[in-house]
Structures are given as C-alpha cells and as structure tokens.
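**Q** As listed in TrEMBL for this protein:
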type: DOMAIN; residues: 619-692; note: domain 'RRM'
type: DOMAIN; residues: 693-770; note: domain 'RRM'
type: DOMAIN; residues: 784-860; note: domain 'RRM'
type: DOMAIN; residues: 878-950; note: domain 'RRM'
type: REGION; residues: 977-1020; note: region 'Disordered'
type: COMPBIAS; residues: 992-1008; note: compositional bias 'Low complexity'
type: COMPBIAS; residues: 1010-1020; note: compositional bias 'Basic and acidic residues'
Amino acid sequence: MDEADALEALSSILTRLTDDPYNIALHAEHVRVARDTGMDDQVESALEMVPAFWAAGDQIWLPLIERKVQSSNLDAPGDLQAILSLYDRAEHDYLSLPLLQKHLELLIDRFQYFHSVDLRPEELQDLFSMEWTHTAMASVVSQGIGHLTKSHLLWDMQRDWELENLQHATGEEKAALISRVESMLLERLQQPHSNHDETFQAYSTFTTNYKPPDQYESLLVTASKLRSQAVKAYEKRETYESSLAQAGFSLEGYAYYIAAERRKKPDLFVVQALYERAIAEADSRRWNGQAGAEETLRSFWAGYIDFLRIQDVDGELQMATFQRALRSAPGSGEVWARYIRFLERVADSEDADPGVSGAYEKTHSIFPLQSDVEQIVPVVLARAGYERRQIEAGKTGEDGFNKMVEVLMDGIARVRKASPAGDPRLRIEKYFSAVCLKLAEHSEHALVLWEDASKHYKTSYLAWTSYTEVLIKQGLYEDARKVFRDICMKNLDWPEAIWDAWINFEQLFGTVEEIEDCFDRIERANAQVAARRAKEAERADHAAMQLIAEQEANMVHVADVVPPPNAADSAGALPMDVDATSPAAGTKRKAEDEVALDENKKPRIEPKVAPLKRDRENCTVFVADLPPAAGEDDLTLLFKDCGSIREIKMTQLPNSLVATVEFMERDSVPAALTKDKKRIGGEEVAVHLAWRSTLYVTNFPEKADDAFVRNLFTKYGTIFDVRWPSKKFKSTRRFCYIQFTSPTSAEAALELHKQELEDGLPLNVYISNPERKKERTDSDANDREIYVAGLSRFVTKKDLETLFRTYGTVKEVRMALDPNGRPKGFAFIEFEQEQDASAALSANNYELKNRRIAVTLADTRNRAKNRDPNHRVDVRNRSLRIRNLPANTQEGLLQQVLEKLAPVARVEVFTDKGEADVEFENATDAGKLLLRSEPIVFNGNILELLAEAPGGSSASRSSATVPAASGLFLPRSALSRPRAGLGSKKRTTVVAAGSAPSSSRPQSFSQAKGQDDFRKMLSG
C-alpha cells in the first residue's frame, strides 16, 4: 500500500486499539501496518505498545531491543542500564533462548570493554565488575537451564567466560575462581542435558589443569557417579524430545510430553522448563494467528500453575508465575480464578482483604474475558467462594452475605450481557441457590432467583425444574403444581424432562385426582409437541426442496463426454481435499421385521446453516517457468495488486521451479491470471488456474500404483504431483489426481479417456473442474452420512428408513450386527444430499422404541468404537506404529508401498508427528515385518516399525522405544511383558511404489534359538 493508505490504516487500527487494547490480533495488525508505512518511529511505537498490555515473545522483544541498542550509547552507563532493564522485562514474559543469548553476549562484550579502558566510569559502581557479571550471567543462564536439548547454548557461554577469567587470574582470586568453576561443572553434571559427554570432558580438562595430579582419578570417579542419574534422565526423555522435534514442536506434542511427565513422579527441573517452552511456543503461534493457540496457551498456564501448587514451591515463585500468566492470557477466567484462590490461600489471617476485590474488579476491564461466558463463570464463582468462606469462618456477618449476593448478581448480569443465550448450565444460579438453601434464613432468595431465571431462560427445562425443586423443598406444593401446569404446554428445549419431574412430584405428593389430571395434561402436551415437530419437519422438507431446486437451476451441467483439448472452459478442479475421510461402504442385509413407528413422535427440526468452506480450487493459480533464484517475495510482489494472498508454496522439480499461490478470495484470481507472461528476474513466467492442469483419473486396474500412473501419463508433460485418496474408511476408493505443470499437458492426456487398460475396464480421465466435484460419488460422502447410536434392540432398518426419510431421500441404511446377527445398537444412514444429512442432526435425542438416540455426522471423531476387548486385542496384534515418515506423507501412497510387503487393512497418518498406524489383515504379517532383516525406505526415509502398546488411542499415543535385541522371543499378545529381539542392526533396502515385494527371507539374528524357531514358524 502507498504511504497515504498506510497512514489511514494506521489511524484506524489505533482507534480500534483504544477501544479494545486486550485484543492480541489488533496488536499484530498494528505492528504489520506500522511496518508497511516504512516509518521507524511508528514501528517502534507499535512494538512498545504490545508489552504495555500483553506479555510479548521474542518476535516483539528482539526487534525492539535491537532498535534501542542501535539508538543508544552503550559506553554511557545510563543508556546501558536502560538496555539491561529492557532485557529484564523481556525475560520476565516468556522463555526465549535467542533473547537470553543476546543478553549474555551483551554482558560479555561490556565486561570486556570496561575492563580494557583506562578510566572506568564512576557511575557504573559495581556494574560489570567480575562478581556482578558472574551473578548476572548466572541469573540469565538459570532461566533456560532446564531446556534439555538447548540449554548448553547458554551454559557453555558462561563456562567459557569463567575459564577465560581463570586463565588470567592469580593469587587468591585464582583460588576463588577455581572453586567457583568446579562447583559450576559439578552442578551441571547433575543436570540432564544433551551434551553431557562434552561437559564431563570439560570437567576432566579442568581437573587436569587446576587440581593435584594425585586427585585426578578419584575426582573423575566421583563426578562420573554424580552424572549417572542425569544421563539416565536425559536418555529417558530423548525419545520424547525427538518426537517433539519431528512434530515441528506442535502444541499437541508439548501437551503429550507434559502429560507423560506428570503421570509419573514429576521432576520439577524438567517439567517447569517444559511448561515454559510450551507456553512460549503457544504464544508464538497465537501471534501468528493459529486457530486454537489461545485456548491451548490458557490450558498450559492453568496446568503450570496447578503443577507449581502441587509441588508446593515457594510462594514468591507462584506469585511471579501468576503475574506472568495474567499478562500472557488476561482473558482466561480459569487463571484469574486460580489467582483469587491463591491470594486467599497465602493471605495473612489478619488481612481484611488480601487483594481479592482488586483482582476481581480488574476482570471487569478486560474485554476478551467480559465477552466470554465460559471465562466469566469461574471468576465469579471464585470471588463468591471467598466471601462464603469468610462468612462460614465468622469473619464477616450480614455485610459479608450482602457482598456475596452483590458479587453473584453482578456475575449473572455479566453473563447475560456477554451472550443473549446466557449460561445454559446456570452455574452461578445453582451456586447462589445452594448457598441460600444452606443458610435457612436466606432461603427466600433462592425462590426469587429461580423465578427470575425462569423468566429469562423461558425455554430452558433446567431453569424450570430448578425452580420447581426449590418450591418443593420449601413445602410450597401448590405453587409447584401451578408452575408445572403453566409450563406443561410451553415450547421448552426438553419438555419430556418437565413432564417426568411433574409425574414424580405428583406420585409423591398428589391425590389420585391430581395424578390423573397430571397424566391428562401431559398427554395433551405430548400430542401438541408431536404436531409441532411434524410441522417443523414439513417446513424443513419444503425449505430443503427449495434449496435443491435453486441449486439445480444454478448448476452448470457438464457433458458426460470429455471435452476436446481446446475446450478449456469445461476443465476441472485442484484436488486440495483428496484425503477427506469417507465412511466404509458396508453391505446390506435382509430387512428385519417391521415395527410401526409412533407417527405422532417426530423429532423437532432446527436447520443449521453449513459453514463456508475454504475454496482452494477456485482461489489458486499455478505459476510455472520460474527462474531458479525466484522466491516468495518475488511472487508476493508480482501479485501485490491482485488481492490478499493466503498461502504460497514453492516446489523445486528436477528441471524447473514452480509454485502455487492461493488467494483469500475467488475474485482475486482473474487479476492474477493477467500476470501470465510477466517477467521475474528477466524471465517470463506462466500463470494459469491450478485446476486447468489437473486431471481426475479413475477406473484404472486395481493393481495400478503410483509408479504405474506416472509411467502412463509422464509422456504428456512434466508431472507436478500425484495425489492418492485415503482408504482408511472406504477401501474401494480407486482414483487419483494428476497435476501437470501446464494445462496443455493435461489436455493432451485426455486422449487416454475410455482407453481399456484391461478388458472391460475403460479408463476415465477428466479435467478436474470444480463444478463437477459433486459428480465424484464419494467426494462428499462424510457430509452425506450420519451416525446413529443408542438404538433399541427392537429397532429395524425399516424403522430407521421411515424416521429419516422425513429429512430427505435416504440412499442407504447400514445397521451394525454382531456375529449372531443381532443389532449392536448403532447404524449409518447415507442421504443423497448433504443438506438432508445436516437436517437429520435435529433427530438427536429423539425417542425411538423407548430409547433416546444420538445422531452425529459419521466422521472419524464420532464413530462408535468396538468395545469388545477381544476385538481390540486382535486389532492391536495386527497393527504396527511406523515412525520417521517424510513430511506430507500421503496415506494412499504409503499404503501402496506397504501392500507390496503384506496385505493392509487400514493406514492412518499423523502428519504432525511424522508417524502412522498401520493395521494389517493378519497378525502373522505384522510379526514378519517386525522381524524383517531389511529396513524399509520410503521416499528417502528409513521407516521405524514398532509394535503397538496396549492402552490409549493410537492417534494420541507415541509408541514406546523398542528395546535392544536380547533374550528369548515373547509373543506379541503378551503385552504386559517387555518385547525383546526386535532391534538388531539391519541392512537398507529401498521399497518403491512400483517395485515388487521382496522375496528374500529374513536373515537370522545373533540371538537365542527361540527367535530362529519363531521365524521358521512365521515363514512356514
């Protein structure tokens, strides 16, 4: 943007920041806009504003300190003190090794400078004396000393500085330095860290140079014993550190690592540093706008605070941690609630108010907290809990109760202001009611509270049942009966709950006439609700039909015959969503005996608007013929006036450099296409719609793999990528996307359409047009299928068809059966249209055959798990965990490679961990692969195969390290005992997608006879 636009944007963002200073996204935008202006003073002002309201990471502090250093005179004590203070502030926010390294470099540089000048400034006083510098450096190093893999970057700097001073020291000073350095080295040897061998060598050298020769051996023996536990501690965690690095230091990886540490006896030294690292990473990702980073950061802080409390660390450290947490996540109600309880816990018994009131009032000024019901509730309950405990301790009287009432009423008002829906769980109201009922003289407050709550939450069964419960507890039976009669016919979110409560009440306190009147009224209400739900279903059907009609009217019909190469306008789609999961096809069984449904009971329908999806196909252009030196900055400059860019991906092919550029909006693409034939670095580049060079290919032979497809299509031009679908939920999927570097190549390859590669199997080749995406039968299968659980054993397939066809055309109903043919209690229903499946979600909690059913979309997160322990053991015995996968591994491609070694039932890749779970058809094949003498190389990486361990889900569990080969072989089903003999040295064999399975038999290990016998059994 030009200067005028930048200044206008800067003015706008400053106005918004004035109204909402606790919005981290606004601060990030402020920094970005300030940099766009090119004005250093605005950039510095933007950087300084962030730590005024938030804890800041090194993405703020490093450039800010660098600017301050450049504008300061470090020879002047005043300026130098200001820089040191800035480092102290920065290090108080988050752990940052680059920041700590910069601080150490400054300390060493200034120490050397002031010890080299003839006249030391008097204003320095003790600053940069040897003792002061030693203390300052030790303080800096201690902040990162718990980082297992990188703490040596700090500690080694201090060690080298101390040893350099020792070389030049004499007399008493030298003796003092020898003692100090020895203590440093011995302390370090007892801390787990990655380069402990180097540290031990440094201690050996130090002992040789500065200790009596006759003490050398005994000192090293003692040091070796001291370091043994630290070495074991590091080696025990080395696997976790490797997995964390392999996962790109993801927040999920940190969460798993922390959970593993806290499950056993936690080490404060390790866990404290681990939390610091996780929190710093979460803040960095939050600043970059990663979804979910804010919530994860809050979770890490809450866990860190709880850990320090459980470990009973010093109160000052806990207070400092709370202050940092509240600067980092001011919108976290859970952190504020913990802080209030901490203030109460450490308060002097004589304190009238330990700061609880001030902390609570502070939360009123934080907009992110004020606008989130889930953050308000814990703060209010913590504040009210403090007042309640003061009352019960006899420290406050009526005034204390009035104060508590004021807090709770204020909390209720804040909740209702934050969201029109309020708190559906009514947590503050429940707390207030319980306290009032506990104090008999204030029970009338509970009645007033619930009367008000029922008026506000008019359709909430929870508010009304709570109101009636209080009336009954107070013996106001007639009032309760009157309420039941009044609300019986109302449109509540769960009328059945009110009816059950009324029936129970009348059974306990009513006469025969009152009980019968209750049943009569409920019967009429039931009929009314059923009629209303039926009308809602009809309206939903009508709306769905209208929507379908509109879509069909607007649909661009594509001819079944593939267009000739020059018909570019009917070309196809960039396959960005190849691996979208799809449910297994399943097989139909005979219809069961029909049982008529109660036609009056129809589920209520609440149509939901589907969220807008990322339109990759229509928002992406492909850039080819790039010069070798081109970078992302060149492409950003080329497309700067086309629109906002979401993502740029550059790929180096063997003979060319290409890139994909995805824009935020579809409207940006026409402008981007005008850049075709423009120059970058003096060379013309080609720009085209990405989908125009992409083919959708299906109906090829079942044996075809990646090598087969590439060999078939490579004659038409350079292939950029081949994408294969995942088969983990639908093993019959047999298609792929082939993307060339130019549309001409894709159009030329259309000549393969309808060619029979096998008798009766014509190949289908199409340009992957986004308008034809719906024609691919399983491209949206997940969105068209629902999962129904909680079914009665009397429910039949006909019952389900009758129920769900009210929402739309049902394509298939699949009921899960046990080996005896009896229903397992869940089923899958596939609709013809996606909107019908969405509408069917309204049937959740519907009563079918006296059982309330649960209805969700049939995705991987909602599918029912087979709870048969024998089934789980069988799956585990047939499964292996594979590690060291290349980045961006395709599940379909990995399955092709593994199927050349053994039949595969299912593959699931965890991209963030670089791992996969592979389920084979039988346990014997899995065992053979574990004992395979030749490693498997996939795309240049040697795969690590591990047996699945019992307990937990594969998707959230890292496999244990395989022990070294020794001893007798233990069967894989003996899961409670250690496995042996699986880790011997192996030769490397590359298995490519197009190669045949290896026929060489496994070579024998140098182990006990039991291993060889077991191999013969598997091979036989």
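Backbone N, Cα and C define each Cβ position, glycine as well.
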**Q** Tally the residues of the domain 'RRM' (619-692) by DSSP class, grouping H, G and I as helix, E and B as strand, and everything else as coil.
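**A** Its residues fall into 17 helix, 30 strand, 27 coil.
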**Q** Under DSSP, the domain 'RRM' (878-950) has how many residues in helix, strand and coil?
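**A** Secondary-structure composition of the domain 'RRM' (878-950): 17 helix, 27 strand, 29 coil.
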**Q** What is the number of residues in the domain 'RRM' (693-770) that are helix, strand and coil, as DSSP sees it?
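**A** So the domain 'RRM' (693-770) is made up of 23 helix, 25 strand, 30 coil.
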**Q** Quick check on the domain 'RRM' (784-860): DSSP residue counts for helix, strand, coil, in that order please.
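**A** So the domain 'RRM' (784-860) is made up of 19 helix, 30 strand, 28 coil.
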**Q** Could you tell me the mean pLDDT over the domain 'RRM' (878-950), as a whole number?
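**A** Averaged over the domain 'RRM' (878-950), per-residue pLDDT gives 84.
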